[in-house]
Amino acid sequence: MLESHLIIHFLLAVIQFLLGTFTNGIIVVVNGIDLIKHRKMAPLDLLLSCLAVSRIFLQLFIFYVNVIVIFFIEFIMCSENCAILLFINELELWLATWLGVFYCAKVASVPHPLFIWLKMKISKLVPWMILGSLLYVSMTCVFHSKYAGFMVPYFLRNFFSQNATIQKEDTPAIQIFSFVAEFLVPLLIFLVAVLLLIFSLGRHTRQMRNTVAGSRVPGRGAPISALLSILSFVILYFSHCMIKVFLSSLKFHVRSFILPFFILVIGIYPSGHSLILILGNXKLKQNAKKFLLHSKCCQ
């Protein structure tokens, strides 16, 4: 018999999985229908679709880990499985980073020649960002494949220390490279982009308040809404990365009480941020409402 807290954890994991699959599925389906209708896809829609697909697979993996932890199933640590897990995790992280860069380039105002060039070219750069991410992540996986003991993604190596046999001990050089390549580089790019965006939106909000003080202007709350959306993105992204780093620095047995909690927290990001994206995008929000109404009518 499962203990009560494990039953609650399993129910939360199922809800999280269904929510993440639904929200990311809505993004993929809506943009896919637009692609079929118009035979082209906007750069932002392309980036969101790729991000949503990677998050669906990431959500599947997180649910799989939840099942392992709850039911104490032995984790099969073969190089093929670990390479896939590493690829999905790193690709999602990079695509989310480029989404932050895209928002920054489109919305922020920075009087610098490089930023002005990026602002003009960002739409054309989106496909290259996606291809570059695929290439970078593939190279990371190739590097890991040369070290049998390092095939597990950095944030998962210590999860199943009692279940897995690590053939080699991590050297400091490998640990540093893994941390920099898998976390630090995309995290720094993301933080620079969103900080520029937050400062720009904050400055714009203050200017609007000073200009239209005491009057009601349509769309006045749009910058504040965008700022809150970006802040929630930052909090989810940063907490997701920090928890992975924290778990990488400690060893947990699968029966540890704190491990299921951290896995649930990690799963909030790919589902929670996609929900925020839908609520902040008029096209996605309308189609999500239509889908829910259609589902109710069919019952």
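Note: Cβ is positioned from N, Cα and C throughout, glycine not excepted.
Noted in Swiss-Prot for the protein shown:
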type: CARBOHYD; residues: ASN163; note: N-linked glycosylation site
type: TOPO_DOM; residues: 1-9; note: topological domain 'Extracellular'
type: TOPO_DOM; residues: 31-55; note: topological domain 'Cytoplasmic'
type: TOPO_DOM; residues: 77-81; note: topological domain 'Extracellular'
type: TOPO_DOM; residues: 103-124; note: topological domain 'Cytoplasmic'
type: TOPO_DOM; residues: 146-178; note: topological domain 'Extracellular'
type: TOPO_DOM; residues: 200-222; note: topological domain 'Cytoplasmic'
type: TOPO_DOM; residues: 244-257; note: topological domain 'Extracellular'
type: TOPO_DOM; residues: 279-299; note: topological domain 'Cytoplasmic'
type: TRANSMEM; residues: 10-30; note: transmembrane segment
type: TRANSMEM; residues: 56-76; note: transmembrane segment
type: TRANSMEM; residues: 82-102; note: transmembrane segment
type: TRANSMEM; residues: 125-145; note: transmembrane segment
type: TRANSMEM; residues: 179-199; note: transmembrane segment
type: TRANSMEM; residues: 223-243; note: transmembrane segment
type: TRANSMEM; residues: 258-278; note: transmembrane segment
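Relative to the transmembrane segment (179-199), the listed stretch 82-102 leads the set 10-30, 82-102, 125-145, 258-278 in CB pairs under 8 A. Averaged across the topological domain 'Cytoplasmic' (279-299), the predicted model reaches a pLDDT of 77.
Beyond its flanks by at least six residues, the transmembrane segment (125-145) meets 43-44, 46-47, 50, 79, 82-83, 86-87, 90-91, 94-95, 98, 101-102, 118, 151, 177, 181-182 of its own chain at Cβ-Cβ distances under 8 Å. Secondary structure by DSSP for the topological domain 'Cytoplasmic' (31-55): 21 helix, 0 strand, 4 coil.
Residues of the same chain lying 6 or more positions beyond the ends of the topological domain 'Cytoplasmic' (103-124) and with a Cβ under 8 Å from any Cβ of it are 43, 193-194, 196-197, 199-201, 204, 226, 230.
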